[in-house]
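S.K.: Below are the structure tokens for one structure; questions will follow.
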Amino acid sequence: MSLLPDTNELLARARGDLRMGLPVILKKNDRAILVVAAETLTKGRLDDLRALADRPIVTISARRSETLKARAYDGDLARIVMPRDAETAWVRAVSDPADDLRMPMKGPLVSEREGPADLHRTALALVKTARLLPATVAVPLPDAMAFARRHALTVIDGAEADLHLAAASPLHPVVSARLPMEVSEAGRLHVFRPEDGGEEHYAIEIGRPDRTEPVLARLHSACFTGDLMGSLKCDCGPQLRAALAQMGAEGAGILLYLNQEGRGIGLANKMRAYSLQDQGFDTVEANHRLGFEDDERDFRIGASILNSLGFSKVRLLTNNPAKIAMMERNGIAVTERVPLQVGETSHNMAYLATKAAKSGHLL
Ligand SMILES: Nc1nc2c(ncn2[C@@H]2O[C@H](COP(=O)(O)OP(=O)(O)OP(=O)(O)O)[C@@H](O)[C@H]2O)c(=O)[nH]1
Ligand SMILES: [Zn+2]
């Protein structure tokens, strides 16, 4: 018998650790780093890191380094060397763009160019999956296994972590039950749970769609503000309700409710993006300043749920050609694009225009 956690389980544990401000250890052969998520770094933890190495490394994505005018010698990321007198406020200013305009970063920032960046890259990918700001603070760690045992810290093999973080986690059906709804009394809700400990996703089936014919389908990404609060900043709520109404009217359809809030960056980061939008940046620029790509969603999840429910052909309700391409690439044939243009307001006109201009959305 072995109760030792596998890499997936260790990654899930590490996400929890990082969100709580606990360090985790990433190792590869005889190299290891001790990592803390920049956003949860406390003074005490910074002192602990400094006791191990006097110049911790703050890793940010190349997107964030563009704004900070820091050199990204590692291509997709930059390893910034912490000045000896820098405190947690300095780490916050590097990782969080909230005050970029009010207090421009006093540089110059010095980027590390020696030595491998691979473990730092893994750390950055990991904090993103924990829905934290994409920035980490790390120090090299000799004798990692003994250190981990002494401090009861999670240790993950970097190469294994890379494989798991890049793969689409298998999803398993948990339960499904009848859900009479306003749009149709013949509703059914299916819950799917990913193996990697991530958020659950839902499928709402309307009627009993014929699995051999293209089904009217919608891949809806969670939007707490739009779906539930009636936010006027986006078109998500009206799109959700229009999609369900059309399925109800046709008597059949499948709506996936994917928990990829904020195009995959999480609600806290989306609100950081909204705050930047109030400073004048558009939706894409705001994501970049935070260190994210335009769209961090993984649409393999949607394809895998459709597959598991027995659907292989869809009439897809969307204005986003990238969604169609992702479905086709993952084995779901899109026989027709059904436009979904509802919910334009004076508050979201610029948002919709940016999506058309920069993200290829069809108007
Ligand atoms: N990061 C970020 N996410 C946003 C913003 N506004 C809305 N979202 C999220 O965007 C997702 C919806 O994506 P959209 O780009 O509006 O539409 P789409 O799903 O790509 O395309 P359609 O199928 O045509 O609706 C939801 O997860 C929202 O929470 C924003 O300003 N920044
Ligand atoms: Zn929205």
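One-based numbering along the chain as shown.
Each Cβ is built from the backbone N, Cα and C atoms, and glycine gets one as well.
What TrEMBL shows for this protein is this:
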ACT_SITE  Asp295  active site, proton acceptor
ACT_SITE  Arg297  active site, nucleophile
BINDING   Arg218, Leu219, His220, Ser221, Ala222, Gln239, Glu261, Gly262, Arg263, Thr283, Thr318, Lys323  GTP binding site
BINDING   Cys223, Cys234, Cys236  Zn(2+) binding site
DOMAIN    175-339  domain 'GTP cyclohydrolase II'
S.K.: So if I take the binding-site residues (Ala222, Cys223, Cys236, Arg263, Thr318) and measure from each Cβ to the nearest atom of ligand 2, which come out below 6 Å?
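M.R.: So the answer is Cys223, Cys236.
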S.K.: Rounded to the nearest Å, what's the C-alpha distance separating Glu261 (GTP binding site) and the residue listed as 'active site, nucleophile'? Just drop the number here, would you?
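M.R.: Taking the Cα atoms only, Glu261 (GTP binding site) lies 9 Å from the residue listed as 'active site, nucleophile'.
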S.K.: Tell me the Cβ neighbour count for Glu261 (GTP binding site), meaning other Cβ atoms within 10 Å of its Cβ, over all protein chains shown.
M.R.: 21
S.K.: Which binding-site residues are spatial neighbours of Arg297 (active site, nucleophile) here, meaning Cα within 10 Å, out of Arg218, Ala222, Arg263?
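M.R.: So the list reads Arg263.
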S.K.: Cα within 10 Å of Cys223 (Zn(2+) binding site) is the criterion; apply it to the recorded positions Arg263, Asp295, Thr318 and give the hits in sequence order.
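M.R.: Arg263, listed in sequence order.
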S.K.: Here's one to test understanding: among the recorded positions Cys234, Cys236, Asp295, whose C-alpha is closest in space to the C-alpha of Arg263 (GTP binding site)?
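M.R.: Result for Arg263 (GTP binding site): the nearest of the recorded positions is Asp295.
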S.K.: What kind of secondary structure is Cys236 (Zn(2+) binding site) part of, going by DSSP in three states?
M.R.: helix
S.K.: If we check Cα distances from Arg218 (GTP binding site), which of the recorded positions Cys234, Cys236, Asp295 wins as closest?
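M.R.: The answer is Cys236.
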S.K.: Please check the recorded positions Arg218, His220, Cys234, Asp295, Arg297, Thr318 against ligand 1 and give me the ones with CB under 6 A, sequence order.
M.R.: Cys234, Thr318
S.K.: Have a look at the recorded positions Cys234, Cys236, Asp295 and say which one has the shortest Cα distance to Ala222 (GTP binding site).
M.R.: Cys236
S.K.: Taking just the CA atoms, what is the gap between Cys236 (Zn(2+) binding site) and His220 (GTP binding site) in Å?
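M.R.: About 8 Å separates the two Cα atoms.
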S.K.: In sequence order, which same-chain residues at least six apart have a C-beta under 8 angstroms from His220 (GTP binding site)?
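M.R.: Expected: Cys236, Gln239, Leu240, Ala243, Leu255, Leu256, Tyr257, Leu258.
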S.K.: If one looks at the chain holding Asp295 (active site, proton acceptor), which residues at least 6 apart in sequence have a CB under 8 angstroms from its CB?
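M.R.: Once residues fewer than 6 apart are set aside, Asp295 (active site, proton acceptor) is near Arg263, Gly264, Ala322, Ser359.
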S.K.: Roughly how many Å lie between the Cα atoms of Cys234 (Zn(2+) binding site) and Thr318 (GTP binding site), rounded to a whole value?
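M.R.: Computed Cα spacing between Cys234 (Zn(2+) binding site) and Thr318 (GTP binding site) is 15 Å.
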S.K.: Do any residues at least six apart in sequence from Thr318 (GTP binding site), in the same chain, have a Cβ closer than 8 Å to its Cβ, and if so which, in order?
M.R.: Arg218, Leu219, Ile324, Arg337, Val338, Leu340
